[in-house]
Amino acid sequence: MGIVRFGVSIPKELLEKFDGIIEEMGYTNRSEAIRDLIRDMVVRHEWQLGDEEVAGTITIVYNHDEADVVRELLDLQHEYLNEIVSSLHVHMDEHNCLEVIVVKGRAKKIKKIADRLLSLKGVKHGKLVMTTTGRDIV
């Protein structure tokens, strides 16, 4: 992998804000921060295309006392065995549980799984976090 140097023209104030942020985040130079921004854009583009193989997590908080939420949650996980890689279950208190579901597959299908999980009655909050499989990222 070769490195290419290029120039960017931006307002001074924007650069100063950027420098402050990357210093706060622990970057040692602008180049690595810019590379990470570009990588993030590539990953988001993969998800938008829908046909790319992607990875991610679906995190939900739900009330396990709610009628059928546990059964429906398990049924959905079994329905998508090829896409659901793993799950972590945490008891938050006597009523609420946190579930982190690791997924890998085509972006459109992963979004569909997340939508179905997040819309279950009894789910209080949820979020799909999208990332890459790492295969095509440099």
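Residue positions begin at 1 at the first shown residue.
Note that Cβ sites are derived from N, Cα and C of the backbone, with glycine treated the same way.
Database features, via Swiss-Prot:
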type	residues	note
BINDING	His78, His89, His91, Cys97	Ni(2+) binding site
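Structure coloured by features recorded in Swiss-Prot.
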{"residue": "His78", "record": "Ni(2+) binding site", "contacts (Cβ under 8 Å, 6+ apart)": "none"}
{"residue": "His89", "record": "Ni(2+) binding site", "contacts (Cβ under 8 Å, 6+ apart)": "Cys97, Leu98, Glu99"}
{"residue": "His91", "record": "Ni(2+) binding site", "contacts (Cβ under 8 Å, 6+ apart)": "Cys97"}
Around the Cβ of Cys97 (Ni(2+) binding site), the count of other Cβ atoms that are within 10 Å: 19
Three-state secondary structure, His89 (Ni(2+) binding site) (per DSSP): strand
